[in-house]
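Structure first, commentary second.
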Amino acid sequence: MQILLVEDDNTLFQELKKELEQWDFNVAGIEDFGKVMDTFESFNPEIVILDVQLPKYDGFYWCRKMREVSNVPILFLSSRDNPMDQVMSMELGADDYMQKPFYTNVLIAKLQAIYRRVYEFTAEEKRTLTWQDAVVDLSKDSIQKGDQTIFLSKTEMIILEILITKKNQIVSRDTIITALWDDEAFVSDNTLTVNVNRLRKKLSEISMDSAIETKVGKGYMAHE
């Protein structure tokens with residue numbers, strides 16, 4: 001597994017690198033924190049571990065840059081005790097978030113879970129679902145409607161897949177949260193709401209924002 005570890009604390013970087021390499025992860029770091037994208041593009045990581053507080057530009061800035069060109073899974077690290085950091089990370093399309101200090105074995109478990117969730121279907125045939133007059137490509141995280149195509153983050157696609165496989169049925173928020181994250185403590189009602197809102201915003205680009213209905217106090221429903 002190729003891991004890009006964007007961490008400016010060299011002591012922590014070396015500790016994590018040593019631990020991750022014991023699990024056969026290939027870990028790369030950053031030499032110039034003004035050129036994170038250069039390393040990102042040359043190393044081609046399968047997962048990015050991204051610190052929030054970095055020199056020159058913060059982790060949120062680099063997350064935006066990465067999302068412009070890739071849906072690679074991103075796990076944020078932060079020493080700040082600020083719930084809005086979690087919300088911001090979800091708004092930007094991150095897959096998980098951990099607050100420092102943390103147990104390394106928990107980080108490794110999260111990385112393994114993310115890898116399984118994101119890459120377990122890469123060797124399988126193309127997987128598609130039909131929803132209204134659109135085709136949802138689960139292998140490419142895309143939705144095609146006519147000549148229009150939109151691309152979703154992995155998290156958004158997981159939410160959508162859960163909903164459209166249970167069309168016209170209410171899916172509880174707890175069900176979605178359980179499917180998304182192994183560590184449910186990471187997810188609040190607000191972070192799930194943020195993800196659904198981001199999904200709806202993308203669906204609006206193909207005039208399908210009303211296809212997912214909020215059932216207040218119950219969950220969400222995708223209409224046939």
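In case you wondered, yes, glycine gets a Cβ from its N, Cα and C as well.
Between THR39, THR122, THR130, THR191, Swiss-Prot assigns phosphothreonine to THR130; no such entry appears for the others, which is not proof they lack it. Looking at THR128, THR193, Swiss-Prot tags one of them with phosphothreonine, and that residue is THR128. When THR149, THR214 are looked up in Swiss-Prot, the one carrying the note phosphothreonine is THR149; the rest have no such note there, which does not rule it out for them. Cβ environment of THR149 (phosphothreonine): SER142, ILE143 lie under 8 Å away, each six or more residues apart in the same chain. Note: the Cα of ASP51 (4-aspartylphosphate) and the Cα of THR128 (phosphothreonine) are spaced 35 Å from each other. Looking at THR128, THR130, the modified residues in this record, the fewest other C-beta atoms within 10 angstroms of the C-beta turn up around THR130.
Cβ contacts within 10 Å of ASP51 (4-aspartylphosphate), excluding its own Cβ and spanning all protein chains shown: 22. Within the domain 'Response regulatory' (2-115), the DSSP-based counts of helix, strand and coil residues read 52 helix, 22 strand, 40 coil.
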